[in-house]
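Undergrad: I have a structure I would like to understand better, so I am pasting it below and will then ask my questions one at a time.
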Amino acid sequence: MSRKQLALFEPTLVVQALKEAVKKLNPQAQWRNPVMFIVWIGSLLTTCISIAMASGAMPGNALFSAAISGWLWITVLFANFAEALAEGRSKAQANSLKGVKKTAFARKLREPKYGAVADKVPADQLRKGDIVLVEAGDIIPCDGEVIEGGASVDESAITGESAPVIRESGGDFASVTGGTRILSDWLVIECSVNPGETFLDRMIAMVEGAQRRKTPNEIALTILLIALTIVFLLATATLWPFSAWGGNAVSVTVLVALLVCLIPTTIGGLLSAIGVAGMSRMLGANVIATSGRAVEAAGDVDVLLLDKTGTITLGNRQASEFIPAQGVDEKTLADAAQLASLADETPEGRSIVILAKQRFNLRERDVQSLHATFVPFTAQSRMSGINIDNRMIRKGSVDAIRRHVEANGGHFPTDVDQKVDQVARQGATPLVVVEGSRVLGVIALKDIVKGGIKERFAQLRKMGIKTVMITGDNRLTAAAIAAEAGVDDFLAEATPEAKLALIRQYQAEGRLVAMTGDGTNDAPALAQADVAVAMNSGTQAAKEAGNMVDLDSNPTKLIEVVHIGKQMLMTRGSLTTFSIANDVAKYFAIIPAAFAATYPQLNALNIMCLHSPDSAILSAVIFNALIIVFLIPLALKGVSYKPLTASAMLRRNLWIYGLGGLLVPFIGIKVIDLLLTVCSLV
């Protein structure tokens, strides 16, 4: 389930972003972006020069200087607008979460049990460890763990999913989130956080970006941009004495225009917007990342640990075959298996009934009309079945049925052992059926591998990402399913300790590991993984250990998370390539215009045949500003993502954004120059 997507240029967001762009013109805000701070200083300097020229205090073309100054200010505003628009989209998404915080009062229990005396207190006064009672119609006032009761809970305000979920004490479904609503029954909840520390509070603060910290890659790129800016600043500063020595000193306005066009203003103006938009796209997929670092790490992941059930397989095993023991016909086995499953409401039990009906036209029979007694499955017996008159039919795991047969004085056939082993090798789970002490045969329960999953794993493999299936199945079954699904490796009979050891092993090899989890036993592995996506339906411990929370609680989402992370890194790299390639065309526009009077040989570089020095310089400055606006949609939506190898992706991006970065400015600057000339603006 995805949240409602905002239009790229929502009118209300655009208006608000324009206001914020003007507010960001203050020096304190500009200082955070060194590249744009240089442009801001240049704008201020050229404005002062324009005023001085207009008043007669300085010689020069005041109109040209004012035009350059105006477009430099527009460049700064466009960069501010890109960042403000990205932040505005994130804040708009956060407002949907803010609307959840409506509860005003809570019933705080004096004792941790249902029926204890309750005091009505403001919800924002609840502390960690307090016990509260919530009943049908109430909004849960805090994050916590259910310690008593069970209820249907509407979590649509947070997840966007309209179907209610069950929350109950014990197990992995005891965690509740403040702001969700109880639909039926009641819950006694122990608060797990203090005011201001709830899941909603943390998520709102993160989404709004108030505390957004730069990621390592973002910092590294910023350092590169600063270095390039310093190099171009020094180069530009040395040009003035050269031109002055030649007898025709270049004006400060032209030098500022040259500097601004040469430094990487395009990526400098869009860098913050790309980071904010990456987290916003993650929320659009109903995944909340606790930091931009987590989103970035998702783009660098090269090992995926995937749970078999629900991620690789559909999660519900289906009966696929009846394999009779020696001397037993298949219909007899199917009849007994169906009888043993008549009152079994599990998906596996229903599939056995359906398979018997399909194969042998065996109709369901009413357990009550048969005067039969149903024997439910228990963790101790690991069997279920039915007693009809003198018939005692059971189905269950191999070990459980073996003990049952031997306890009733029977013998477990060797040929059935072989059939069990054969079923396991094929990736299915064997269930053995017995009547009295006579083993009738084996039911093969097959895990259904999700359609298209093998192709997705093949795409991940092309990208250099290794997939590892995690399962509690035995090695034979795990190996068969792994082969069918097309994963690169598997961990069978997985325990929390084994998962943690596997993650550490891959990290010791220098790999970045991503995984999903929902239980308390997953918390150590989630805390160790580089990208850890906790299920919203999971325990509080799992959500605290992870650095992302999937509001849909869909383990398959991990693959989408990696795609979004890679798209953000690709967007940043592609726009950096485009920005630096841009400088070449601007060099051919401004250098001849600025210095041809001193060094006529430079006219050979005027390959665009621009109308005049003034029009050439102004055209380059205008293009430099407009390209930021044209690239805002790309920064917010991300570049087109295709699962390719690293080398193929590099070649593709160099062709599109490297060559494009060279050609687009030549065309753009020439078109602007023609328009300025036709309109007699220079």
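Cβ atoms here come from the backbone N, Cα and C positions, even for glycine.
Marked as transmembrane segment by Swiss-Prot on the basis of sequence analysis: 34-54, 62-82, 219-239, 254-274, 588-608, 616-636, 656-676. Residues or ranges marked as active site, 4-aspartylphosphate intermediate by Swiss-Prot: Asp307. Marked as ATP binding site by Swiss-Prot: Asp344, Glu348, Phe377, Thr378, Ala379, Gln380, Ser381, Arg382, Met383, Ser384, Lys395. Look at Swiss-Prot and you will find Asp518, Asp522 tagged as Mg(2+) binding site.
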Undergrad: Using Cα coordinates, what distance in whole Å links Met383 (ATP binding site) and Asp522 (Mg(2+) binding site)?
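TA: That comes out at 28 Å between the alpha carbons.
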Undergrad: Long-range same-chain neighbours of Phe377 (ATP binding site), Cβ under 8 Å, sequence gap at least 6?
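TA: Same-chain residues close to Phe377 (ATP binding site) (Cβ under 8 Å, separated by 6 or more) are Asp344, Thr346, Met383, Ser384, Gly396.
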Undergrad: Would you say the transmembrane segment (616-636) and the transmembrane segment (219-239) are touching, if the rule is that at least three C-beta pairs must lie under 8 angstroms and be 6 or more residues apart?
TA: no
Undergrad: Do at least three CB pairs under 8 A connect the transmembrane segment (34-54) and the transmembrane segment (656-676), leaving out pairs fewer than 6 apart in sequence?
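TA: With fewer than 3 qualifying Cβ pairs, these stretches do not touch.
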Undergrad: According to DSSP, does Asp522 (Mg(2+) binding site) fall in a helix, a strand, or coil?
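TA: Helix, per DSSP.
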Undergrad: Including all protein chains shown, what's the count of other C-beta atoms within 10 A of the C-beta of Asp307 (active site, 4-aspartylphosphate intermediate)?
TA: 23
Undergrad: Taking the Cβ of Met383 (ATP binding site) as centre, how many other Cβ atoms lie within 10 Å?
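TA: Cβ-Cβ neighbours of Met383 (ATP binding site) within 10 Å number 21.
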Undergrad: For a quick check of understanding: among the binding-site residues Asp344, Asp522, which residue's Cβ has the most other Cβ atoms within 10 Å?
TA: Asp522
Undergrad: To the nearest whole angstrom, what is the C-alpha distance linking Asp518 (Mg(2+) binding site) and Asp307 (active site, 4-aspartylphosphate intermediate)?
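TA: The separation of the Cα atoms works out to 11 Å.
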Undergrad: For the transmembrane segment (34-54), which partner among 62-82, 254-274, 616-636 gives the most CB pairs under 8 Å?
TA: 62-82
Undergrad: Tell me the Cα distance separating Asp522 (Mg(2+) binding site) from Lys395 (ATP binding site), rounded to the nearest angstrom.
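TA: Cα to Cα, Lys395 (ATP binding site) and Asp522 (Mg(2+) binding site) are separated by 31 Å.
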Undergrad: Would you count the other C-beta atoms found within 10 angstroms of the C-beta of Ser381 (ATP binding site) for me?
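TA: That number is 16.
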